[in-house]
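Structure first, then comments.
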């Protein structure tokens with residue numbers, strides 16, 4: 001049955017002609033395959049089909065569609081003799097294109113001067129093997145990049161499949177974008193966490209209480225080094241908004257990532273300059289001593305409205321969308337120099353200048369909303385940390401926890417404080433500002449930071465791992481010991497919890513809810529006890545650097561006491577539930593005879609210890625991969641069809657879990673070796 005949806009597009013502005021009318025017997029006799037032709041009147045080249053670029057060679061380009069139709073675009077007749085500069089393509093081999101997308105331009109004057117025909121021909125070179133039918137519009141004028149016909153591949157049920165792409169597109173917009181956005185936060189957050197360690201080391205070793213306890217640290221050379229650590233450790237805190245503005249388009253863009261990041265910086269600067277212009281023209285620029293009350297601050301030397309990290313996030317999202325739309329734009333010959341990737345920072349500057357004018361008008365509404373979120377959490381009193389940390393754990397399986405975390409760490413929702421004459425927003429920002437200015441640490445800020453994780457991360461989850469080990473079949477304990485020990489090290493030292501959590505998340509919702517509640521309770525209890533340990537990870541490094549080394553005022557010694565109770569509670573609950581429900585935690589499942597091929601058995605995945613080829617096959621093969629990325633512990637994929645993913649096989653290959661956010665958005669939890677696995681998959685794809 002013929003689909004009503006056309007998938008063949010005109011490669012040029014011009015007139016459609018029948019393939020039989022082409023003045024080249026190879027094409028007119030359909031020796032190369034069936035297709036169509038256009039007599040061009042415009043110079044811009046458009047992709048005739050959606051698919052992957054397989055070849056770009058001067059006067060011709062080849063494409064492979066999802067249905068494995070091999071499509072050749074041949075520009076002109078006998079134009080192979082012309083210099084390649086006559087044909088300027090902005091695509092390269094292995095690029096993905098959409099039908100109707102501008103992909104280059106032609107210098108027709110050079111073709112005419114050579115006395116050659118300009119006819120553009122599109123043929124399906126594997127017609128005999130793959131083409132079921134082809135239907136082209138009647139002859140007549142046509143606009144380049146517009147649909148003119150339909151090709152149906154053999155064995156493709158087009159009638160029933162037609163509505164499906166619309167459904168998937170909608171779901172991708174809901175699920176895929178937010179998991180991708182959350183992933184981009186990890187780049188600046190990772191830098192901030194490392195810089196926080198430097199700041200913590202510098203401030204702790206240069207404090208008078210530490211010097212009194214260890215007099216040798218009072219050496220002037222050592223103190224210069226420690227003060228240097230403190231000075232550079234504050235870098236990330238001071239420039240976090242612009243880092244988000246650059247990291248978001250960098251992480252979301254699929255091509256020209258450097259241009260995307262550069263445009264993020266341009267957009268952030270222009271937006272703030274535009275805000276400054278608006279405030280200056282209206283006489284609303286506050287004096288330095290009144291900036292805080294007026295809701296103003298400094299951003300890279302420009303006085304502007306104090307938006308904190310949200311200003312960077314807004315910029316990053318807008319710039320990403322501009323980049324996606326314009327990075328391959330083709331302009332007329334007169335402005336060709338400004339086309340393609342160069343156009344992105346240009347349009348960014350123009351758009352963000354308008355956004356900067358609008359911000360002073362609409363920002364008060366955003367600020368009110370943020371304050372209300374903060375008031376909700378802060379108004380919850382002792383239950384505030386419980387709500388935050390429980391919510392973070394609940395969102396973790398969907399990869400959306402970064403959104404909540406960033407809101408509390410970096411915006412007014414996480415509190416505000418006046419430090420060194422500047423209004424500081426967000427729990428983590430407040431903590432770092434107090435640390436760098438050698439001020440008393442606020443328990444109201446650290447209540448949402450590392451200390452809240454420590455009872456669960458350092459004690460509870462290791463106890464859960466011990467319970468899983470003790471309840472495993474005796475003959476299997478040696479086999480799972482490495483898995484559990486590596487997971488415990490990850491959570492205890494660095495605060496990366498997924499290697500343990502995903503061992504029971506999908507097996508027992510009851511244990512997951514128990515874990516969610518206990519994480520929130522742990523945060524609430526240590527806050528009530530007056531513990532004041534900041535930073536981000538919740539592992540033993542944070543405990544030592546921001547707790548023990550800062551002095552007894554942090555109440556660090558209470559963490560092991562609370563932790564002992566959490567260890568006992570986790571061990572008892574996990575052991576009882578595993579035995580009661582006969583849960584198939586590691587070492588308790590029946591030994592599975594995996595259907596590996598000889599090739600899979602022979603290849604163990606190289607340095608990662610994972611079989612990348614088998615993982616790719618379980619994901620549906622490289623043809624099923626639309627985008628592949630990763631965060632700290634998981635592969636984040638957008639697929640053509642998520643339903644064909646073999647979850648059980650992925651788990652048997654070492655994955656800790658598989659999360660289907662929707663029909664196309666899938667996450668595979670690997671653990672701390674995820675980057676190595678992702679790189680191996682990239683090489684295969």
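Cβ from N, Cα, C; glycine included.
Copied over from TrEMBL, here are the features:
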- 631: active site, phosphocysteine intermediate (ACT_SITE)
- 24-126: domain 'PTS EIIA type-1' (DOMAIN)
- 172-590: domain 'PTS EIIC type-1' (DOMAIN)
- 609-685: domain 'PTS EIIB type-1' (DOMAIN)
- 185-205: transmembrane segment (TRANSMEM)
- 225-247: transmembrane segment (TRANSMEM)
- 259-279: transmembrane segment (TRANSMEM)
- 299-322: transmembrane segment (TRANSMEM)
- 343-370: transmembrane segment (TRANSMEM)
- 376-396: transmembrane segment (TRANSMEM)
- 454-472: transmembrane segment (TRANSMEM)
- 484-505: transmembrane segment (TRANSMEM)
- 512-533: transmembrane segment (TRANSMEM)
- 553-574: transmembrane segment (TRANSMEM)
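Panel annotation: around the transmembrane segment (225-247), residues 184-185, 187-188, 191-192, 195-203, 205-206, 217, 261-262, 264-265, 267-269, 299-300, 307-309, 311-313, 315-316, 319, 410, 429, 432-433, 436 of the same chain, lying at least six beyond its termini, place a Cβ under 8 Å from a Cβ of the stretch.
The transmembrane segment (512-533) is not in contact with the transmembrane segment (343-370), judged by fewer than 3 CB-CB distances under 8 Å for residue pairs 6 or more apart in sequence.
Remote same-chain residues near the transmembrane segment (553-574) are listed as 440-441, 451, 454-456, 458-464, 466-468, 471, 504, 511, 514, 518, 522, 525-526, 529-533, 543, 546-547 (criterion: CB distance under 8 Å, separation of at least six residues from the stretch ends). Same-chain residues lying 6 or more positions outside the transmembrane segment (454-472) and placing a CB less than 8 Å from one of its CB atoms are 480-481, 484, 487-488, 491-492, 495, 497, 500-501, 503-504, 511, 515, 518-519, 522-523, 525-526, 533, 538-540, 542-543, 559, 562-571, 574-575, 578-579, 585-588. Only residues 6 or more beyond the boundaries of the transmembrane segment (376-396), in the same chain, are considered here, and those with a CB under 8 A from a CB of the stretch are 403-405, 408, 413-415, 444, 447-448, 452-453, 498, 501, 515-517, 519-524, 527-528.
Residues belonging to the domain 'PTS EIIB type-1' (609-685) score a mean pLDDT of 83 in the model. The residues of the domain 'PTS EIIB type-1' (609-685), classed with DSSP into helix (H, G, I), strand (E, B) and coil, number 30 helix, 21 strand, 26 coil.
Break the domain 'PTS EIIA type-1' (24-126) down by DSSP state and the numbers are 16 helix, 42 strand, 45 coil.
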